[in-house]
Amino acid sequence: MMIVIKTAIPDVLILEPKVFGDERGFFFESYNQQTFEELIGRKVTFVQDNHSKSKKNVLRGLHFQRGENAQGKLVRCAVGEVFDVAVDIRKESPTFGQWVGVNLSAENKRQLWIPEGFAHGFVTLSEYAEFLYKATNYYSPSSEGSILWNDEAIGIEWPFSQLPELSAKDAAAPLLDQALLTE
């Protein structure tokens, strides 16, 4: 069983599982195809699962894939805590350029559904975090795109006071208006 929590962008959903716990530990169903499709209102096929580990203050993103290789992602944090962000990059969307952010952690067990047409990123809040995501399309290097994490046109309110640790690629990412020129 999952509880759906709507966000400021209607297509991006927080999924909170029913957790059964006692002195031995806990159990929850992290994914059920039928339940998931009922919750989001359409059929989805996940073709790739990814797992990353990041230390505190590492920021990954904002990443997306273009065109027919666009990816929907169902993400969660299995160890530690992250602040996870989705940015609407669908040019015809009424929420284009808007973002939503949510804390995902091993403790709250929440997941975030990010449909195709969004850029995605996260920053690690705990000493380290292990992050899991299911993707609806295969990774395609020729279709990948990125947006600079601190683009003022988007205005993400990241929850940190010092500059994050970035890959060279993420640090050199273009602003939103430049990133979408090749669409």
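Note: Cβ is positioned from N, Cα and C throughout, glycine not excepted.
Annotated substrate binding site per Swiss-Prot: Arg24, Glu29, Gln48, Asp49, Asn50, Arg60, Lys73, His120, Glu144, Lys169, in sequence order. Around the Cβ of Arg24 (substrate binding site), 6 further Cβ atoms fall within 10 Å across all displayed protein chains. Taken residue by residue with DSSP, Arg24 (substrate binding site) is part of neither helix nor strand, so it is coil.
On its own chain, His63 (active site, proton acceptor) has Ala119, His120, Gly121, Glu144, Gly145, Ser146 as residues at least 6 apart in sequence with a Cβ closer than 8 Å to its own Cβ. Residues annotated as active site, proton acceptor in Swiss-Prot, with experimental evidence given as evidence: His63.
Here Swiss-Prot flags Tyr133 as active site, proton donor, drawing on experimental evidence. Around the Cβ of Tyr133 (active site, proton donor), the number of neighbouring Cβ atoms within 10 Å comes to 22. Look at Tyr133 (active site, proton donor): DSSP puts it in a strand.
A Cα-Cα distance of 6 Å separates Lys73 (substrate binding site) from Tyr133 (active site, proton donor).
The two recorded residues Asn50 (substrate binding site) and Tyr133 (active site, proton donor) have their Cα atoms spaced 5 Å from each other. On the backbone, the CA of Arg24 (substrate binding site) and the CA of Tyr133 (active site, proton donor) stand 27 Å apart. When other Cβ atoms within 10 Å of the Cβ of Glu144 (substrate binding site) are tallied across all protein chains shown, the result is 14. With respect to their backbone Cα atoms, Gln48 (substrate binding site) and Tyr133 (active site, proton donor) stand 8 Å from each other.
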